[in-house]
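Features of the protein shown, as given by Swiss-Prot:
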SIGNAL    1-19  signal peptide
REPEAT    27-61  repeat 'TNFR-Cys 1'
DISULFID  27-38  disulfide bond
DISULFID  39-52  disulfide bond
DISULFID  42-61  disulfide bond
CARBOHYD  57  N-linked glycosylation site
REPEAT    63-103  repeat 'TNFR-Cys 2'
DISULFID  64-79  disulfide bond
DISULFID  82-95  disulfide bond
DISULFID  85-103  disulfide bond
REPEAT    104-143  repeat 'TNFR-Cys 3'
DISULFID  105-120  disulfide bond
DISULFID  123-135  disulfide bond
DISULFID  126-143  disulfide bond
CARBOHYD  136  N-linked glycosylation site
TRANSMEM  165-185  transmembrane segment
TOPO_DOM  186-204  topological domain 'Cytoplasmic'
């Protein structure tokens, strides 16, 4: 009898375990659980108005209102408000139902912090126009420095403007050509001098 009771108890436990597994709702990727149902998520640009009524079925979704967006599949009850550009920024990408508005600092200013929560800064100017990298919306101007200031490292670069650089190159070329010509003339004179000495010795 004891053995029979153990078998009955094991059978009962197994049945309970199987029933528990059957009651667990496993949702697929792109679905969300609502009560005991798996509902499809809303697509980008829409939000959830009402969950589905049948398992693995579509939910009732509604499009985002003007100046609102959602850029991914979701089960949100409302869309997110689009960003608003400040007066020191300009719009580079418009707000849509599937993408937020993109703003950046206006020309001549920059902001190098994440999300640019502070005001845009005026771009630095370089003395004598020695610019290594021009200023843009996210980075300040980088200048070349002849002498490093205390605590700073400067690149020891002696840079020339384009017209001056061309003049220097031409002058160097002329000097080299002149030196070669002078060397050739000296060699010719030396050879002639040697011939004259040899001729005088023969005549004597």
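Residue positions begin at 1 at the first shown residue.
For all residues, glycine too, the Cβ spot is worked out from N, Cα and C.
Each residue in the repeat 'TNFR-Cys 2' (63-103) gets a DSSP state, and the totals come to 0 helix, 15 strand, 26 coil. Least packed by the Cβ count within 10 Å, out of the disulfide-bonded residues 39, 123, is 123. For the transmembrane segment (165-185), same-chain residues at least 6 beyond its ends with a Cβ under 8 Å from one of its own Cβ atoms do not exist. Cα distances from residue 126 (disulfide bond) to the recorded positions 27, 57, 64, 82 are smallest for 82. Annotation for residue 79 (disulfide bond): spatial neighbours 47, 64, 65, 68, 69, 70, 97, criterion Cβ-Cβ under 8 Å with sequence separation of six or more. Sequence-distant contacts of the repeat 'TNFR-Cys 1' (27-61), counting only residues of its own chain at least 6 positions beyond either end whose CB sits under 8 Å from a CB of the stretch, comprise 69-79, 96-98.
Just so you know, of the disulfide-bonded residues 38, 82, 85, 120, the Cβ with the fewest other Cβ atoms around it within 10 Å is the one at 85.
Taking residue 52 (disulfide bond) as the reference point, the disulfide-bonded residues whose C-alpha atoms are within 10 Å of its C-alpha, out of 38, 105, 135, are 38.
The recorded positions recorded for this entry are 57, 123, 143, and the Cα of 123 lies nearest to that of residue 82 (disulfide bond). Averaged across the topological domain 'Cytoplasmic' (186-204), pLDDT in this predicted model comes to 67. Annotation for the disulfide-bonded residues 61, 64, 105, 135: lowest Cβ count within 10 Å of the residue's own Cβ, 61. Comparing the Cα of residue 105 (disulfide bond) with the Cα of every entry in 39, 61, 135, 143, these being the disulfide-bonded residues, the smallest distance points to 135.
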